[in-house]
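For reference, TrEMBL has these:
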type	residues	note
TRANSMEM	19-37	transmembrane segment
TRANSMEM	98-120	transmembrane segment
TRANSMEM	126-150	transmembrane segment
TRANSMEM	195-215	transmembrane segment
TRANSMEM	221-242	transmembrane segment
TRANSMEM	307-332	transmembrane segment
TRANSMEM	352-373	transmembrane segment
TRANSMEM	393-415	transmembrane segment
TRANSMEM	427-447	transmembrane segment
Amino acid sequence: MAPVPPGIHLLVSFNREQWYRGLTFMLTFLLYTSFHLSRKPISIVKSELHKNCSTASELAAASGAVASGGGQEASFPSPHTETQCSWKPFDKSNYKQLLGAMDYSFLCAYAIGMYLSGIIGERLPIRLYLTVGMLSSGLFTCLFGLGYVYNIHSLGFYIFVQVANGLVQTTGWPSVVTCIGNWFGKGRRGLIMGLWNSHTSVGNILGSLIAGYWVSSNWGLSFIVPGLIIAAMGVVCFLFLIEPGSAELQLICGLPVPASVLLQNYDTELLLPRDAVCVPAQPVVVVKSESEPSAISFMGALRIPGVVEFSLCLLFAKLVSYTFLFWLPLYITKAAHLDAKKAGDLSTLFDVGGIVGMLLVCGGLVNGPYALITTAVSADLGTHKSLKGNARALSTVTAIIDGTGSVGAALGPLLAGVLSTGGWNQVFYMLMTADFLALLLLLRLVAKELSSSKSHPVSAIE
């Protein structure tokens, strides 16, 4: 039986069920916003780890040439040296590979850890599991920033921090989806989770602003401040988050009966129905066992209809999305440069504008289904009727789907780097193939859904 968090006693409750729905929505939104906020600094600080000092060197050389006058050579040392401009070990010619290694180490650790996270989270109290994960993530995020404070120049140190942070960050997604998915019905999950999923963008924006504020003066604070924020949110999580289970029914109805007992006989839209009827506390005859439902196994989660198809579909969708995320700025820069050589600035403006317009459409078509699969679809599959009201299985299902997608997130940029050496056309052929495979994986489910809706029209549930 899940205990009521100590901080919840401080809240004044009126219409407790609706109040808690709103609280869960806002709290999980802020919790996962802090996860993305702590991931963003690395992309901002990269420009500081290896600066481009060629402009400063050229200006110094030009000044020396002017000062020499009359052909007499004068030598002035550059005010910027390679060591001063860049942070070892990212000050060498292979800095791109080293910075890429940090990205891949985080993404690979996140993908591998996600498969384990859902299984572990299903067997532990979600509130405590999420709290420990957020505190640990805050620790490792701050540790990266302390590399600046203590003048650490070991690549192994930064790789270790990225791997460790990637592993502990996997505690976030399965936990928050489980919490919110069990409080909103299937009919509203698309809208509710569509709004809720904006935490990704909010976290990225806030992370960029916070990291950018200190990046030039003290890039260590670009990590330390977000690390402290996610750790503080971990404390908020411990005080106020109520995980799915019997404590919610006690809070709402005052019943000391486990939720699994009340719900396992019904194929309901909600694990905690919106219009739940609170009956007086009287002797209740319970037919089934009052023990909590057992945790679902990894293979058991894979056997839920649709889990494999949606997991592989998300793999290809994330492959496309993350390839754009990592390589799009470079592609636009190269395209604009080539067009400028061929036809001038006006032609470049139209060509780049057309590219950006098509990419906006492509991004909407890819990221829309991507967002729905990671939220509403995962919640629907995690509350499938075959689970018989086992709310905790949602954590494992969500982790499998998002973990498989994270494999694609790691593979996409890596393949793009290899294929781009032979021309950008090969990269786009890869992306088109990935989109086509994602479509194929959903065709069977779409056909099944259409046939099911025709043969079994939706009727009112008594």
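Using the three backbone atoms N, Cα and C, a Cβ is placed for every residue, glycine included.
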Region pair the transmembrane segment (195-215) / the transmembrane segment (19-37), three or more CB pairs under 8 Å
yes
Would the transmembrane segment (427-447) and the transmembrane segment (307-332) count as touching if the test is at least 3 Cβ pairs under 8 Å, pairs 6 or more apart?
yes
Contact check, the transmembrane segment (19-37) vs the transmembrane segment (126-150), 3+ Cβ pairs under 8 Å, seq sep 6+:
yes
Look over the recorded stretches 98-120, 126-150, 307-332, 352-373 and say which has the most C-beta pairs under 8 A to the transmembrane segment (221-242).
126-150
Long-range Cβ neighbours of the transmembrane segment (307-332) (under 8 Å; 6 or more residues past either end)
103, 107, 301, 352, 355-356, 359, 362-363, 366-367, 369-370, 373-374, 377-378, 381, 397, 400-402, 404-413, 415-417, 420, 424, 427, 430-431, 434-435, 437-438, 441-442, 444-445
